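Over in Swiss-Prot, the protein carries these features:
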type     : residues               : note
BINDING  : G176, G178, K179, T180 : ATP binding site
COMPBIAS : 114-129                : compositional bias 'Basic and acidic residues'
REGION   : 112-132                : region 'Disordered'
REGION   : 132-348                : region 'Domain III, AAA+ region'
Amino acid sequence: MSSSLWLQCLQRLQEELPSAEFSMWVRPLQAELNDNTLTLFAPNRFVLDWVRDKYLNSINSLLNEFCGGDIPTLRFEVGSKPISAPPRPQRTAADVAAATSAPAQMQARQSLHKPWESRGPEPVDDLNHRSNVNPKHKFTNFVEGKSNQLGLAAARQVSDNPGTAYNPLFLYGGTGLGKTHLLQAVGNAILERKPNAKVVYMHSERFVQDMVKALQNNAIEEFKCYYRSVDALLIDDIQFFANKERSQEEFFHTFNALLEGNQQIILTSDRYPKEINGVEDRLKSRFGWGLTVAIEPPELETRVAILMKKAEDHQIHLADEVAFFIAKRLRSNVRELEGALNRVVANANFTGRAITIDFVREALRDLLALQEKLVTIDNIQKTVAEYYKIKMADLLSKRRSRSVARPRQLAMALSKELTNHSLPEIGDAFGGRDHTTVLHACRKIAQLREESHDIKEDYSNLIRTLSS
């Protein structure tokens, strides 16, 4: 009874939730039904709290639908069911194909439950153990928002359960969005709990350089020994492996060895794994074996929170209206925000003036002028039309077909977010539409970004293109 009931719930939740969200929070749950009480077992307290906070109503609603009036009491526990493994939703044809294409060793690896601990032997010669983890990058000073919430949660889970939670963890997104911060925060969290752990952070180019040096020195076995003995390997900008065939070959075998040993791998890239050109398909396939999470450009509230946090680090007072002024005009990434604030703070220190909106406008005049020049309604319209492969004339027309109406709504929402034009001005630019039409479009897109993974992804891609 418990298996079939929870299986029904799983199948429905899998249909309703984005795949990454389902894989991270719902799939790990195990279920047991005793005396009309359905107990859901979560792997740790973090998952338990998240599921109870985010999905309790949905689960109760499904139980009501599937059980009629005889609804079991729902309770949560940290741990695992004492008997068989949790039920899984029925696999699709794509799932089966992916599973059968994976090598047998991957299936064997998934059945291993080795304790996570430091592995020897010690590295030799100039491949001395170096973590390279920046101690300043921690979870405590990472500003959370909707744009990075899933990535932060995944990183925390990996740091709590390295080698078992999500392996590999693949974070992707544009420059300056916090991927490196999260990567190193995991490393710091692991080292805080296990100071002797072999945690190695590096840019992908360093892996290539180490391999080349090992080949030159006839020390490739030492190179393999070093990289395959780490407890956690954190590699930034994996896209730089593109077209480096020997490096990809060596990393392929290192990757397999680490996964078989339940050693944690975390990778970052500026794009989705399958979109990385010049990297072998077998590697791209493995990048997706664990959990793949997008880190998106921060929304307005998160940008403001980042500015306030950085101002606090500088020990200066930043008025709310000043933070909003900067955040509304600089939207592309966190690094740009930090650079702008650093310039404002430096100017204030040099001149002794108070940080007001007028002062910020003066200190950042070239940067703000460039942003206003780059992001115009016309530019947004052209970018959206090109992205969806429709004609500009159709985008501005009265046509209501879905293939045109949705891109038009997206373009209106982007115009509202990325420019300082009023709703009537935006409506005017879209064929003389009323401001209420623009308002409806903005609300509709905001709703769809919550409900549709595709719309959310398209919106993020367009923001990235327009802000680059």
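Cβ coordinates come from backbone N, Cα and C, glycine included.
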Remark   = For the region 'Domain III, AAA+ region' (132-348), the averaged pLDDT of the predicted model is 91
Request  = Out of G176, G178, give me whichever of these binding-site residues has the highest number of other Cβ atoms within 10 Å.
outcome  = G178
Ask   = From the centroid of the CB atoms of G176, G178, K179, T180, the recorded ATP site, which same-chain residues not already listed sit within 8 A by their CB, in sequence order?
value = G173, T175, L177, H181, L182, T268, I295, N333, V334, R335
Key: Secondary structure at G176 (ATP binding site), reduced by DSSP to three states   = coil
Ask   = Name the residues of the same chain, 6+ apart in sequence, whose Cβ is under 8 Å from the Cβ of K179 (ATP binding site)?
value = G151, L171, Y172, G173, D236, T268, I295
Task = State the count of C-beta atoms found within 10 angstroms of the C-beta of T180 (ATP binding site), not counting that atom itself.
result = 19
